[in-house]
């Protein structure tokens, strides 16, 4: 209460202070956003520069391999000693930070493996290379990619001498891609072993071809391919190329995107730096750049923790907030003084006129309430004369040309003129000139003066004609609904929340000679097994327990002398709070319907058994030309199983050609389905092309299928294989024998 009072007394001051804080906060946010954008732009620019530096350094590594590629092109017989001397002259260990080793992998056909070993062993004498030993001993594939030269030659590098690099699927894919497209390929980073400290590294490979050979096509490049040269670098030394001062200011992270030769690797992205478990901390500002490498893609990420509340901005924020709040308080004090003076003057004027206004307002409100009321309000004096009638009363009796004020006649009932000391509740009717009758609920209230003596009465009449019509309509609808259900050979039922019957329409039970009281209070499954299994009852009870609707649940009902088959459908009922209160639905006697269905199904099975036993192929279709039935002979001739053919268009599985021209023929039943031929049978001889590519000379005929009303509902096609008979007739007609 004190807070509300303080707010009312100093509202202008508080509003000015809140407005000042809001405007100062908005200005603060705008300046902070500008500072954040500047910091982000600086970080983006640094990331772009660092990415260009790394990409340039990696390009130098590629140029080293390009140079060695040229050396092999100039001297395809470059041996191990010359390979090592060339790299010593290039001083690669000093010129290329992060360099680990370089190797030459030679492509050796499996058929030439023994010859390759015989050529290599003599060249190892006097060198630091160990004896040649193929690893693994039984590699797969027709082409082996064997490490032949390594540099530098030491215990760590010579363990790869004789290794079939192609035994690793990723390495084989990279080598063959470089071979086919004459491009460099970088492998996915992996953990280097054999070094003083383990670290991530990567291999960059370039293909080597025989000189003076055409390389215009993939096939030509494969013929000229002799191997690849590859260099291994440490990832940590790549990061060392970045300016150390920059690494002190920002967090640097380097990722391999997991894309190899244009598609995603199954291993996903890999963090290259920081190594191991040294994950970079979450940064307020981040900038990323992509570094495109031969066959791979790296992602550089720079992060900075320099926030908008750094020390160099704190002075600006303090000055901004002090100035904003100070100005708001100054303006608020001025406005508050002006408001206090105005409120005092208004309070004095209100006190002078308050009593007069209260009396006038009370009288006006009472009149407005009575005039605005939808109910008829009529007041009479002690002599029964009408002294007041509201707008609703005037409008109700205006159509009857009945004056109200000053008259003593009763409007609805003579009880209006009775003298009583208690309110009366009655019903009344008012006949409109057009013949319509309106219904009212009447309330007659006795009035008293200030001395509690009788002072007349007041009549309140509430128009309930709409409610009365709804009641009549509801009764009519209930009767109509009940009649429709009974005419449809059905009944209506209701159940409570425990699935016990609370209502069943009477005509259904009367026809069975059953008293409804026998069923009320029982569940559906209390009335017997119903001719269905325990599982079916269990499934049904599970469904209603979940308060789900159900359709066409059929079971035997044994109430009278003869059991009947019933079909029931129902839906759950919920109250206004969504609480389940039971089920309601309808039921039908389907005994005759199901019996007729069984007879039709039995007749259909008998006809199909006859058709299955004849020696001709028989196919029936609907009006759309889709197959509805084919017998085993037809299935054998066309080569289609029944489950494959049913529902397919006839033209798709029954294809014939003209016997003389060899041109495709229209399906024989098509004129019947199109309506161009309505009577008689169609016949012809043609050549059937079945599913297995066999050609059979057939004699076919077609007739329309009609329903009980003689309407065409499809067509039947009957055909037989006459290939042997036709060949014999043709042979005899030619008069020749073989």
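Glycine is no exception: its Cβ is also placed from the backbone N, Cα and C atoms.
The shown structure was predicted, so the numbers you read here are calculated from the model rather than taken from an experiment.
Taken verbatim from TrEMBL:
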DOMAIN    74-240  domain 'CHASE'
DOMAIN    362-408  domain 'PAS'
DOMAIN    603-660  domain 'PAS'
TRANSMEM  12-31  transmembrane segment
TRANSMEM  316-335  transmembrane segment
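Each residue of the domain 'PAS' (362-408) gets a DSSP state, and the totals for helix, strand and coil are 19 helix, 9 strand, 19 coil.
Counting same-chain residues at least six beyond the ends of the transmembrane segment (12-31), those with a Cβ under 8 angstroms from any Cβ of the stretch are 316-317, 320-321, 323-325, 327-329, 331-333, 335-336, 338-339. For the domain 'PAS' (362-408), the model gives a mean pLDDT of 79. Break the domain 'PAS' (603-660) down by DSSP state and the numbers are 26 helix, 14 strand, 18 coil.
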